[in-house]
Amino acid sequence: MFLSRYFTILYRIGILSNGFGSRRTTAQKIFLPDTKGLFILPNLPVLHPDWVYRLFSFIMPPLIFATFPMKPFAENIPHSLRGNCCDEALPPHTVDCPECGCRADVPRLDSGEAAFCPRCGHKLFRVGRHPFSAPPAYAAASLILMAFAYGMTYIEVGIPGAASVLSLPEMMRLMVFQDYGFLAEVMFVLTFGAPVLFLLLCLYVYAALIRKQAYPALRLATRVMVRLRQAMMVDVFFVSTLVAYIKLSSVAEVRFGPAFYLMFALSVMLIRTSVSVPQHWVYFQIGRLTGDNAVQTASEGKTCCSRCLYFRDSAESPCGVCGAELYRRRPKSLSISSAFLTAAVILYFPANILPIMISSNPAATEVNTILNGIAYMWDEGDRLIAAVIFSASILVPVLKIAAMSVLIASARFALPTGAKKLSHLYRITEAVGRWSMIDIFVIIILMCSFHTYAARVIPGSAAVYFCLVVILTMLSAYYFDPRLLWDKRASDGIAFNETEKHD
């Protein structure tokens, strides 16, 4: 009843009527104030008011299914397309915390409940409010937003004698055209490739769960989907645009296109999709589809997988539940993490010494390093943006390198402080590392905005080094096994008998 009224309202106000929008194909004459020029911008997409209405007509129905309980209109949904409420719970079982190694007895978890490690406080897993319907709904809405965001104008930049009308695909094309394919690949993977693949895999996995059919390669799809979470940086790119805007607005006329506002909505939806996918719960449901019992009793000859958190026979490799490598502690974790960290430290020096951005015009050429750029913006009065870039480009990498050095030394030698505090340090280090990509994205936006003879910005060699520093520090944190910090502490066996409800 609710949905029928909803679509009736949409139809009456014209959202579902014929036609989708309009696009002007003739050249548009746009006068940009204070630039002393008239620019001809051909074939600009125009955001017709109907586009906004119809965009929300696509997005809102999936979100309604994700936000509101399914019971009021469950009778109108085919049984094969909806999960049974009794299938949503996780049975009682035992797990080992992937961060401290504490063995915890988890009771039955119903919808809306989460389990936390009693020793380090790490969230072990959670069963969402609507675990069958919410993730695919958010994923569908995110794909719709992404289709619109990549098909519309993102930003318009005008200076005397030149103008740039940029969409996100146009930015990548400009970088490839100027022989900066590496940066184009970084932008493509982090802002388009990884998010699209994550969303498609999410829809694939949940289609199998909802229809109760064991699709091919479900475990592989789930494992890849989960590991793509850290590679999605649409939110970082959006914040980078705000940082670049402050720099651009001082020398040019800047206007945001409709894709900019859609990127904000897309960032929120991608985060919501990512946090709504309960990895532990998904693997349990896949086991039910394939007839494999994921839940096994913890015993002397079994090892808890650090990915899916289910016990399997120690001789079994890979894990029979998720397909990941099965080990009690990650093999050569400290050596691999130290190697990536050492490489990051070595590359960090040329990243700060060499030019990161070269700007030129017919009158002069300016070469900037990271520190020179921060000092220039501070002297010009842009202290907020200088502080943001200093934090993302200098403070975060240095603190992350220092934090990883402390963690590796603490796991290899005596602990300088409590293991619980070190576990918190590891979580913070792992979470903030991706935000160092702000500086790279700012350079990409500036380069695409100024690519003519009148004004030109090109990335220096330090941009590649800095990008590699960010990637290497993220890999160092990824391969570090935080359970090594607790190995000299108390042994496993702390009982666990609490759950926490969430809205």
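Placed from the backbone N, Cα and C atoms, the Cβ positions cover glycine too.
What TrEMBL says about a protein is an automatic prediction, not a curated fact.
Copied from TrEMBL, the annotated features are:
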TRANSMEM  138-166  transmembrane segment
TRANSMEM  186-210  transmembrane segment
TRANSMEM  231-248  transmembrane segment
TRANSMEM  254-271  transmembrane segment
TRANSMEM  338-358  transmembrane segment
TRANSMEM  384-415  transmembrane segment
TRANSMEM  436-456  transmembrane segment
TRANSMEM  462-480  transmembrane segment
Non-local residues, at least 6 beyond the ends, that sit with Cβ under 8 Å of the transmembrane segment (338-358): 365-371, 373, 394, 397, 401, 404-405, 408, 439, 443, 446, 457-463, 465-466, 468-469, 472-473, 475-476, 479
Between the transmembrane segment (231-248) and the transmembrane segment (462-480), are there three or more CB pairs that fall under 8 A, provided the residues in each pair are separated by 6 or more in sequence? no
Per Cβ pairs under 8 Å, the stretch of 138-166, 384-415, 436-456 packing most closely against the transmembrane segment (231-248): 436-456
The transmembrane segment (384-415) vs the transmembrane segment (138-166): three or more C-beta pairs under 8 Å (separation of 6 or more)? no
